Each structure stands twice: as structure tokens, then as C-alpha cells.
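Notes for the one structure printed next.
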């Protein structure tokens, strides 16, 4: 899993760089048309765009991860989703579904405090780590760390004989 995630991140990083270079040349060619285009309306849209553009690349990257974690947290609160959540969003070595929970449990938190603390820490170091690794490699590290830590949890549960489900990475 880790090898394929990092391989995909390398391809993604290459394609992003290629796209940025192409966009740069296209924008240089189309600058004169900006004065002819009508301006878009809507104060709310301008405020959202202003906020989004004020974020660092790391904060923009982590915003998606935080949104996924909040979405999964909200799914835990729906009574009709509990069975699916326990099957696919908790890691348990005695479960029939072993592979997908290794990844999906990375986004799963049951306690609001636990999720808030994790997301705060992720947000706080996101700018520096993404500027060091790049957005694509950071996501690869995040996903790989989640799967590897779940695998270590599986091994620890097998060694101790305790097979209760667990959440998170």
C-alpha cells in the first residue's frame, strides 16, 4: 500500500508541476483578456475566495483531510450508520473486512475532543511539512502512517489476544 501511495504521489506531483508550467504560459498569453471580462458578483464568494487564498498550501491540503475527518465523525452520530461504521471504520483483526478498515479507520474518531486535538496538531504543522515535502508527498505520508499504525495495532492485538475494535490510526 505504502509503495503504491508514494508512487501515485510522485506521478501526481509530476502532473501538478507540468500543469503549473502550462498554466503559467497560458496566463501570460491571456493577461490582456482579463480587462475585457466582466467581474464576478457576490460578496460571499469573494470572502470565501479571499479566505482560501490567504491559506498556505499546507493549510489548504489539511483542510480536505479535516473535512473528511469531520464528515466521518458526523456519520458516527447517525444511528442508522453504526453498523457500517463499525464494519468499515474500525480496525479489528478478527473482522471479515481487513483491508479497507486499515485505511478508513485513519479518518475515524469517536470523541470530539480527540478529533479536535488531532486536527489542531495537523493544522499547526501542516504549513512547514507541506513546504518541505510537497502536498502530494504529505498526503502519501499521512495515508501510509495511518495504514502502518493500523497494521501495528493488528499485530499487537494478535499478540495479546485482545480482538476488540479500535478507531483511528
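One-based numbering along the chain as shown.
Any Cβ shown, glycine's included, is placed from N, Cα and C.
In TrEMBL, the annotation transmembrane segment applies to 61-78, one of the ranges 43-60, 61-78. When TrEMBL is compared with the stretches 17-36, 137-156, the one noted as transmembrane segment is 137-156.
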